[in-house]
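Pulled from TrEMBL, these are the features on record:
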type     : residues                                                                       : note
ACT_SITE : Lys205                                                                         : active site, proton acceptor
BINDING  : Gly10, Ser11, Gly12, Asn13, Trp14, Gly15, Phe41, Phe97, Ala154, Arg271, Gln300 : NAD(+) binding site
BINDING  : Lys120, Arg271, Asn272                                                         : substrate binding site
DOMAIN   : 6-174                                                                          : domain 'Glycerol-3-phosphate dehydrogenase NAD-dependent N-terminal'
DOMAIN   : 194-340                                                                        : domain 'Glycerol-3-phosphate dehydrogenase NAD-dependent C-terminal'
Amino acid sequence: MAKKSVCIVGSGNWGSAIAKIIGNSVKNSSLFEEKVLMWMFEEQVDGRNLTEIVNTDHENVKYLPGVKLPTNVVAIPDLTAACKNADILVFVLPHQFVDKTCKTMEAHMKKDAVAISLIKGFAITDHGIKLISEIISENLHKIPCAVMMGANLAGEVANEMFCESTIGCKNEEMGQMLKTLFEAPYFRCTVVEDACTVECCGALKNVVGIGAGIVDGMKYGDNTKAAVIRLGLMEMMKFIEVFMAGSQCKMETFFESCGIADLVATCHGGRNRMLGEAVVSSKKTIRELEKEILKGQSFQGPLVAKEIHDMLEKRDMLKRFPLFVAVHKICKREMDPSLFIDCLRDHPEHME
């Protein structure tokens with residue numbers, strides 16, 4: 001059997017961390033080609049192309065400084081050249097760029113490739129939620145697309161601190177192949193069939209993470225943050241129940257790494273928690289905070305919060321999800337952060 005070639009579509013903080021895992025995983029493998037292509041949007045850093053720096057110094061100095069990447073990971077700025085021979089496409093880029101990226105790839109990739117999305121977000125259409133995995137599959141010849149989500153803060157993964165992740169894949173053989181690709185002594189994967197819940201948790205937890213940062217910014221304690229986590233989890237579960245009806249989501253999936261574990265990690269150490277705290281302590285816009293904190297990368301939480309808010313508003317369901325709604329309004333500077341606790345105090349969970 002021919003070895004499978006891997007292409008990583010995206011190269012930011014998380015993309016570079018996962019490239020380190022994949023690059024080491026495929027070395028001396030009987031299943032995978034040793035060379036891993038990583039599509040990278042070209043940028044200038046100190047007068048040099050970022051791809052040149054990665055391929056020469058083996059470090060993404062802009063988005064993951066201080067972490068050496070395997071020498072078999074090759075950054076390439078041409079998306080079509082990067083993906084054309086890939087058997088496995090690993091998507092790890094901001095969710096708002098997926099549609100355009102896939103349309104660029106569509107005519108240049110193998111028709112029998114498979115994909116996996118590490119993207120924590122989703123799209124809202126006139127017909128409801130559109131999962132990122134669905135967008136990838138529909139735009140790329142209906143290829144199967146699995147998902148991987150978990151308590152995986154990129155910096156900790158890159159520094160080889162032990163963690164777990166959840167692969168959601170409806171095909172058992174494909175799921176086990178992906179587990180082989182991603183697993184490392186410090187990065188353990190569980191495969192579940194309930195890909196829908198895995199993916200939804202990955203999107204929704206970022207909104208709750210902003211809420212946790214808001215209470216940090218207001219100098220509340222661990223008890224308050226625990227309330228945010230619990231009420232946020234309840235809203236996540238209710239949202240999936242209401243808007244993903246018919247997808248056969250399973251309660252036990254919330255107890256995988258993609259669920260409660262990822263929520264806890266995000267609320268204590270994620271970039272969206274950092275954003276929530278910054279929104280309280282400064283008057284800057286989300287875009288200004290992105291430039292300052294993330295060096296131009298995107299916070300996914302505010303985008304998902306807006307998508308959720310718009311959908312809830314159309315369904316006249318804003319009152320059922322006060323935490324989600326408050327996070328959106330605070331990010332838009334339409335609500336004072338000091339009112340966030342009132343949303344928790346009068347939450348429907350306390351009124352029933």
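The backbone N, Cα and C atoms fix where each Cβ goes, glycine too.
Calculated from their C-alpha atoms, the gap between Ala154 (NAD(+) binding site) and Lys205 (active site, proton acceptor) amounts to 16 Å. Long-range C-beta contacts of Lys120 (substrate binding site), restricted to its own chain and to partners at least six residues apart, with a cutoff below 8 Å, comprise His95, Met149, Gly202, Ala203, Lys205, Asn206, Gln300. Same-chain residues that are not part of Lys120, Arg271, Asn272 yet have a Cβ within 8 Å of the Cβ center of the substrate site turn out to be Asn206, Gly209, Thr266, Gly270, Leu275, Phe299, Gln300, Gly301.
Residues Lys120, Arg271, Asn272 are the ones the record ties to substrate, and the longest Cα gap between any two of them is 13 Å. Rounded to a whole number, the C-alpha distance linking Phe41 (NAD(+) binding site) with Asn272 (substrate binding site) is 23 angstrom. Within the same chain, the residues at least 6 positions away from Gly12 (NAD(+) binding site) whose Cβ sits under 8 Å from its Cβ are Tyr63, Val92, Leu93, Pro94, Gln297, listed in sequence order.
Comparing Cβ neighbour counts within 10 Å across the recorded positions Lys205, Arg271, the minimum falls on Arg271.
Least packed by the Cβ count within 10 Å, out of the binding-site residues Trp14, Phe41, is Phe41. Counting neighbouring Cβ atoms within 10 Å of each of the binding-site residues (Asn272, Gln300), the lowest count belongs to Gln300. Mean pLDDT of the predicted structure over the domain 'Glycerol-3-phosphate dehydrogenase NAD-dependent C-terminal' (194-340): 92.
Residue with the densest Cβ environment among the binding-site residues Gly10, Ala154: Gly10, by other Cβ atoms within 10 Å. Each residue contributes its Cα atom, and for Trp14 (NAD(+) binding site) and Arg271 (substrate binding site) these two points are 11 Å apart. Across the range of the domain 'Glycerol-3-phosphate dehydrogenase NAD-dependent C-terminal' (194-340), the DSSP-based residue counts are 114 helix, 0 strand, 33 coil.
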